[in-house]
Amino acid sequence: MATSLQNLSIYDEQSVPSASKMKFGIVVSEWNRPITDALYQGAKNTLLKHGAIEENIITIGVPGSFELTAGARLLAKKTDVDAVICLGCVIQGDTPHFDYVCQGVTQGITQLNVKFKIPFIFGVLTTDNQEQAEERAGGKHGNKGDEAAITAIKMVDLSCRLKK
Ligand SMILES: Nc1c(NC[C@H](O)[C@H](O)[C@H](O)CO)[nH]c(=O)[nH]c1=O
Ligand SMILES: CC(=O)[C@@H](O)COP(=O)(O)O
């Protein structure tokens with residue numbers, strides 16, 4: 001369903017488990033900083049809203065969305081987080097570079113989900129223009145960071161339940 005039909009920040013709060021015992025890594029791209037900062041605030045505030053504690057959220061920055069994979073991999077290898085949330089914003093420019101960045105980060109994060117036992121969440125906006133990005137980073141279509149945080153909580157809970 002298109003985001004324009006399903007606000008990113010509207011969800012059934014009763015369906016979200018407590019995150020009080022969960023540990024999260026967040027890797028944030030510095031490209032399009034005003035957008036990615038908004039995604040980060042949305043993700044962090046949503047984690048805290050559902051019980052996560054501040055010291056259980058480890059945040060690192062990377063230059064661009066293409067580097068999200070490397071940053072997420074570092075968090076998985078060097079820390080004991082239960083999930084990694086990847087936040088970025090790729091906006092179409094004048095050349096095909098957009099396609100390669102989006103393909104690279106998508107394939108990279110997908111591979112991490114295959115190689116590691118923890119979930120890596122794809123919180124990356126890939127938009128035609130700045131306006132679409134702003135609409136999905138706390139604008140009329142909600143905040144992709146909120147969605148990514150909820151996804152992380154649910155995937156960690158699922159992993160824990162299946163390990164029992
Ligand atoms: N144009 C955007 C980029 N480009 C930079 C790449 O992500 C990467 O850092 C560079 O190619 C060096 O490896 N990154 C974004 O996150 N968003 C863009 O719109
Ligand atoms: C996604 C990008 O790398 C893109 O914004 C860069 O812009 P351009 O294609 O005009 O070089």
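Here the Cβ of each residue, glycine as well, is placed from N, Cα and C on the backbone.
Caution: TrEMBL annotation is automatic and unverified by curators.
Keep in mind the model is a prediction, meaning the values are calculated, not measured.
Taken from TrEMBL as is:
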ACT_SITE  His97  active site, proton donor
BINDING   Trp31, Ser65, Phe66, Glu67, Cys89, Val90, Ile91, Phe122  5-amino-6-(D-ribitylamino)uracil binding site
BINDING   Asp94, Thr95, Arg136  (2S)-2-hydroxy-3-oxobutyl phosphate binding site
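Within 10 Å of its Cβ, the residue among the binding-site residues Glu67, Asp94 with the fewest other Cβ atoms is Asp94. Taking Cβ-Cβ distances under 8 Å and a sequence separation of 6 or more, the neighbours of Cys89 (5-amino-6-(D-ribitylamino)uracil binding site) in its chain are Ser29, Trp31, Asn32, Ile35, Thr36, Leu39, Ser65, Val124, Leu125, Thr127, Ala133, Ala137. Recorded residues Phe122 (5-amino-6-(D-ribitylamino)uracil binding site) and Asp94 ((2S)-2-hydroxy-3-oxobutyl phosphate binding site) have their alpha carbons 24 Å apart, per Cα-Cα distance. Closest by Cα distance to Glu67 (5-amino-6-(D-ribitylamino)uracil binding site), from the recorded positions Asp94, Thr95, His97, Arg136, is His97.
Of all the binding-site residues given, namely Val90, Ile91, the one with the smallest number of surrounding CB atoms inside 10 A is Ile91. Ile91 (5-amino-6-(D-ribitylamino)uracil binding site) sits 10 Å from His97 (active site, proton donor), counting Cα to Cα. Long-range Cβ proximity for Phe66 (5-amino-6-(D-ribitylamino)uracil binding site), meaning a same-chain Cβ under 8 A and a gap of 6 or more residues, is found for Val101, Gly104, Val105, Gly108. By a simple count of nearby Cβ atoms, those within 10 Å, the most crowded of the binding-site residues Ser65, Thr95 is Ser65. Contact annotation for recorded positions (Trp31, Glu67, Thr95, His97) versus ligand 2: Thr95, His97, each with CB under 6 Å from a ligand atom. Within 10 Å of the C-beta of His97 (active site, proton donor) we count 12 further C-beta atoms, all protein chains included. The two recorded residues Val90 (5-amino-6-(D-ribitylamino)uracil binding site) and the residue listed as 'active site, proton donor' have their Cα atoms spaced 10 Å from each other. With a cut-off of 6 Å between Cβ and the nearest atom of ligand 1, the binding-site residues Trp31, Ser65, Phe66, Val90, Thr95, Phe122 reduce to Trp31, Ser65, Phe66, Val90.
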